[in-house]
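Undergrad: The structure follows.
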Amino acid sequence: MAEPLKEEDGEDGSGEPPGRVKAEPVHTAASVVAKNLALLKARSFDVTFDVGDEYEIIETIGNGAYGVVSSARRRLTGQQVAIKKIPNAFDVVTNAKRTLRELKILKHFKHDNIIAIKDILKPTVPYGEFRSVYVVLDLMESDLHQIIHSSQPLTLEHVRYFLYQLLRGLKYMHSAQVIHRDLKPSNLLVNENCELKIGDFGMARGLCTSPAEHQYFMTEYVATRWYRAPELMLSLHEYTQAIDLWSVGCIFGEMLARRQLFPGKNYVHQLQLIMMVLGTPSPAVIQAVGAERVRAYIQSLPPRQPVPWETVYPGADRQALSLLGRMLRFEPSARISAAAALRHPFLAKYHDPDDEPDCAPPFDFAFDREALTRERIKEAIVAEIEDFHARREGIRQQIRFQPSLQPVASEPVCPDVEMPSPWAPSGDCAMESPPPALPPCSDPAPDTVDLTLQPAPPASELAPPKREGAISDNTKAALKAALLKSLRSRLRDGPSAPLEAPEPRKPVTAQERQREREEKRRRRQERAKEREKRRQERERKERGAGTLGGPSTDPLAGLVLSDNDRSLLERWTRMARPPAPAPAPAPAPAPAPSSAQPTSTPTGPVSQSTGPLQPAGSIPGPASQPVCPPPGPVPQPAGPIPAPLQTAPSTSLLASQSLVPPSGLPGSGAPEVLPYFPSGPPPPDPGLTPQPSTSESPDVNLVTQQLSKSQVEDPLPPVFSGTPKGSGAGYGVGFDLEEFLNQSFDMGVADGPQDGQADSASLSASLLADWLEGHGMNPADIESLQREIQMDSPMLLSDLPDLQEP
């Protein structure tokens, strides 16, 4: 029997055993718990939003240990956003540092699949009274956890598209040397258009470049156990981006079966579930385990072979299982990277190297390694808010257009010139008198013209004699008035302002491409509906004609084809028909008996049918095969017809496959049950089954069916008609205190996880201890509350009855 494993990892995952505190007497536990519960609700459920007149609060999305998030509408534009309120943000150093870290990271990232900061509200109170931080984020209706564990249809195309967006955002994040460390379905925000964004960067860290940074990496590590990588559980001291790829693999498997892949109830059970599927770790991994007793425990277990993924997910897509197997490996170096996963054949449908950017420059975590006080963290957060608004104001000034106004210079008005009439004789085209010489001017002529009217000369002055056919004074006055009006309008429009440079072409982003694809999909669906309507109308007419004159023999009837495809197939059918033989010469006329009927020699096979005559191309048999090959290749579809998309089974079908931990150590208890996620073979699609045809060319009928399918095929998964409301966990508000405390105090704590209801395991004791640090609670109160709600360390092994210390 394997030696019982004692606790080797502390609450921060660093390997130090946590200190033991004596339990409080039983008769005082109820009063302490009631006091702590009242304090938690009073400090956490503060949903009063003071956002001024710019935003209008709609409803509360969710609340948690770190804040409250509500949906809102911007009054000026009507745009809907999510506003996250972090109350008492500077009371606890851990929470204040988490807020600073998340603000810095989200300001650094600009990606379509990562939640973005739209605004940070400026403090409206003096610095000394500033306590709550308001962050305006993208509004997403739901999260992936709610989608998976609901009745919402989730097809293979949905899984493929969600996984592609997750890996696309992860590639961008990893290129900035950032590890998320807390990827789980509830932290992946989703909307009804199947768009996915990664949220909650409060646990993010940078890459470890030296062994001295391992302790920094594991500090405050309270990620959900079900998605935690083996190197974190075994203290392998190899903390790379592969940690996130393990979490992605667990999420991928959960989407395929709509059930958690490794729902461990405690530390040992989690290791057992992983080894039941992946087998015993390699000797190199076992030797790299940092804790001696953990290494001895694994070595004492009987060797186990890995289970094929086809057995775990029967009937699932082979390419999907191939990618899943490359994500879930014990060795971190053997796991596939996010960039390589995007190139996997399973995601080839969406992969576009030009639309999968990297982040430059890398994010700097130097501030996170410093020992900061609450006052310094508050100053840093205020500086981040001011920097955000300074950058946004600078961008607005760059795109603002203000024409410069300059005074108009004056100059002498040019003397009037007599303009001859166009109908005057050619000899009269010469001017009446040569133009007078302009007075010399030392200054250069200004660029502008004085448009002020000069006073008219006195009427007593003698006008020059007019020639026959010259333009009258009234005409010249009208022309001058028109010219003056034109010049005034040009000056009024700003001729002195510099010409506006042509707007540079904006780069096409993934969101714009997504909108273009959705618009194309909408137009395709409308065209498909129109074609379907015309097809039904044509079938109705054909049925009516068949009732009157017999059934229709058109092999293309009832198919949705474009005009070009239909003309191409008709041409191919004509080319495939054998050429008619030349008519034989008529024999010499001979007298025939008057009683004989005239006969004719048939030029081809005579049909035995007594029905009406049919064209030669429609007579089945060997004679109907094409005699000569067509001049071009047969039109083929771009790829094989995809299998019909199936909806993953509901959780009720998996109730009998519950993963029950063994009552004792491996090898001494009940037989272990492998995780089994039945999905069944995909049912045949009647729309894709080729129907028998009487056409003489079966390949023509097959091509017709394939082209008909290609006319309505949609490359994107169908949008959700309605999405379940999210819990707000993806916005970084922490676990839901209302639900957690109600379950803990009112209903008691269940023996095991409730499938489909929560995607979080027991949290670290440091989470509550840090949260209550500034609220005047003594260690006895904290210990009593921890024991009541069972918020034990994720590495605590003493909660198993069969793993007590000797």
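Each residue, glycine too, has its Cβ placed from N, Cα and C.
The following feature annotations were taken from Swiss-Prot:
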- 1-23: region 'Disordered' (REGION)
- ILE61, GLY62, ASN63, GLY64, ALA65, TYR66, GLY67, VAL68, VAL69, LYS84: ATP binding site (BINDING)
- ASP182: active site, proton acceptor (ACT_SITE)
- 407-806: region 'May not be required for kinase activity' (REGION)
- 424-473: region 'Disordered' (REGION)
- 433-443: compositional bias 'Pro residues' (COMPBIAS)
- 488-727: region 'Disordered' (REGION)
- 502-519: compositional bias 'Basic and acidic residues' (COMPBIAS)
- 527-544: compositional bias 'Basic and acidic residues' (COMPBIAS)
- 563-573: compositional bias 'Basic and acidic residues' (COMPBIAS)
- 578-592: compositional bias 'Pro residues' (COMPBIAS)
- 593-603: compositional bias 'Low complexity' (COMPBIAS)
- 627-643: compositional bias 'Pro residues' (COMPBIAS)
- 647-660: compositional bias 'Polar residues' (COMPBIAS)
- 678-689: compositional bias 'Pro residues' (COMPBIAS)
- 693-710: compositional bias 'Polar residues' (COMPBIAS)
- SER710: phosphoserine (MOD_RES)
Undergrad: Determine how many residues of the compositional bias 'Basic and acidic residues' (563-573) DSSP places in helix, in strand and in coil.
TA: 11 helix, 0 strand, 0 coil
Undergrad: What number of additional C-beta atoms lies within 10 angstroms of the C-beta atom of the residue listed as 'active site, proton acceptor'?
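TA: A count of 23.
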Undergrad: What count of other C-beta atoms do you get within 10 angstroms of the C-beta of ASN63 (ATP binding site), across all chains shown?
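TA: Within a 10 Å radius of the Cβ of ASN63 (ATP binding site) lie 23 other Cβ atoms.
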Undergrad: Could you tell me the C-alpha distance between ASP182 (active site, proton acceptor) and VAL69 (ATP binding site) in angstrom, no decimals?
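TA: Cα to Cα, ASP182 (active site, proton acceptor) and VAL69 (ATP binding site) are separated by 19 Å.
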Undergrad: Where does ALA65 (ATP binding site) sit in the DSSP three-state scheme?
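TA: For ALA65 (ATP binding site) - judged by DSSP and reduced to three states - the answer is coil.
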Undergrad: Go through ILE61, ALA65, VAL69, the listed binding-site residues, and name the one with the sparsest Cβ surroundings, counting other Cβ atoms within 10 Å.
TA: ALA65
Undergrad: From the DSSP assignment alone, can you count helix, strand and coil residues within the compositional bias 'Basic and acidic residues' (527-544)?
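TA: Residue counts in helix, strand and coil order: 18 helix, 0 strand, 0 coil.
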Undergrad: Across all the protein chains here, work out how many other Cβ atoms are within 10 Å of the Cβ of GLY67 (ATP binding site).
TA: 26
